[in-house]
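Taken verbatim from TrEMBL:
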SIGNAL    1-26  signal peptide
ACT_SITE  E114  active site, proton donor
ACT_SITE  D255  active site
ACT_SITE  E348  active site, proton donor
ACT_SITE  E369  active site
BINDING   T472  Ca(2+) binding site
REGION    513-553  region 'Disordered'
COMPBIAS  515-540  compositional bias 'Basic and acidic residues'
Amino acid sequence: GAAMLRFLGPLLCLWALRLPLGTGRGLDVASYRERVRAMFYHAYEHYLESAFPYDELRPLTCDGQDTWGSFSLTLIDALDTLLILGNVSEFQRVVNVLQEGVDFDIDVNASVFETNIRVVGGLLSAHLLSRKAGVEVEAGWPCSGPLLRMAEEAARKLLPAFQTPTGMPYGTVNLLHGVNPGETPVTCTAGIGTFIVEFATLSHLTGDPVFEDVARKALKALWKNRSDIGLVGNHIDVVTAKWVAQDAGIGAGVDSYFEYLVKGAILLQDKELMSMFLEYNKAIKNYTKFDDWYLWVQMYKGTVSMPVFQSLEAYWPGLQSLIGDVDNAMRTFLNYYTVWKQFGGLPEFYNIPQGYTVDKREGYPLRPELIESAMYLYRATRDPTLLELGRDAVESIEKISKVDCGFATIKDLRDHRLDNRMESFFLAETVKYLYLLFDPDNFIHNDGSDFDVVVTPYGECVLNAGGYIFNTEAHPIDPAALHCCRKRKEEQWEVEDLMREFYSRKKTKKFTLKRAPDRGEGENAKDPEDASSEKAGEKRNSKKSSHSLLSCPSQSFNSKLAVLGQVFLDNT
């Protein structure tokens, strides 16, 4: 018996250790991760083959179409997913293709909202991840770079939409001529309140406050126009501030406004944005929540207007998990999951009392929201039920939606008819969140034990420490990057000249700080040939080695020092 125990002991130990990983109930996480990877490439390669340079793939006819503009949208949207899947060579190739091929000076009417979340968001995320992907970045990175310039150019094209009496933007803008004469002044709430993540990031990186300013003004205008019972409607006139559609809920037309109050608050450490959300959250619970479902109500009276669940609402449990309300999140998630199990997908609208789809809203365009919530909740709880949703999603999408040329929108979940469309969010979000659900060790899940220290023209700066904020198109933004570039413009040029001069005269060394048994030990790793590259003066920190780097004393501008052969700059 004792001998048997000695033999089994280590095995039992390993088995016990395995359980908390949530590979529970016999689900093979690694094999699902590989199936998700294969899904990505099946869709991505057919887009490149049959649809590029158009915006989107038409998977039933194996050709392409422009949908939201004319800027190879699927390529921009899928770029950061490539890196999350570990494909650095293709990431680098696509960065070059986009730099050469994408032009925003075109006579195209574009959705302000969609261009922001997909194009500006995708380019910003790729810009901030490009060094990690082995791209040779310029000396001023992350405060400069070709992808950042493209993101800024795209965002500038959207600014004319914000020139309204209320500061709330028009929904459509012509990329060449600005807002068209006769443009409708009616915009949905989400189309007004979904800019702060991208625009604040742009302002912090470029030093131009205009982007963050217009995004904040729009957020505050919505807040000011909420009803007496604390709710916002679905569509508003951006000239008169009159509510045109007065349905209040958490789904289509409103959704990402609430999401961006929370994510903006976290990204910018902004108490005001969070307190706005918490006020809305109270009103939403009071008026729209019934038995862990959320209904649509009249924004002034609070009376139920539509007892439906929309697939877009499935982001809400993930958002609740971000503010720590995990129990409520889980209960609502499980309601939504029952709908998925009923149909093998989430119909666009689901009538809650009848327990069935709504006429003309039976489709599932491979949306990510329920998978997104599962990814967040799995990080919070490790509940194996969440992996089961991931499994069901992979099985459903492969079984119903896979065709020779990619994956097709499901037109009707009742009979599995398909539509000739593959939205760019399938590769940007659905596949990404599925992969992250099944990849617990992905760099995106970094808990801060690993980070880089980069010397920028404005000081030393910590990056890649985790805590990524996903925009509403699943483009991760590193919040630490927002603290890399804070300087007044004229001072910035002075510092850039100083840095250039310094690096042209001196080769600098790359340091790896390794943790010795009893003390941190700096170890010289390599001596890069290209002294002007961003690798200059970079230190890499593993585990808990040198956290004191996070709190270097601030130096005034004229007392900058050279320490250890590096310019030691004021890091405000």
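Numbering starts at 1 and runs along the chain as it is shown here.
Cβ coordinates are placed from backbone N, Cα and C, and glycine is handled just like the others.
Just so you know, TrEMBL annotations are computer predictions that nobody has curated.
Overlay of TrEMBL annotations on the structure.
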| residue | record | contacts (Cβ under 8 Å, 6+ apart) |
| --- | --- | --- |
| E114 | active site, proton donor | W68 |
| D255 | active site | A190, L312, E313, Y315, T472 |
| E348 | active site, proton donor | Q310, S311, L312, V358, R361, E362, G363, Y364, P365 |
| E369 | active site | S311, L312, E313, A314, Y315, G318, L346 |
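Within 10 Å of the C-beta of T472 (Ca(2+) binding site) there are 25 other C-beta atoms, taking all protein chains into account.
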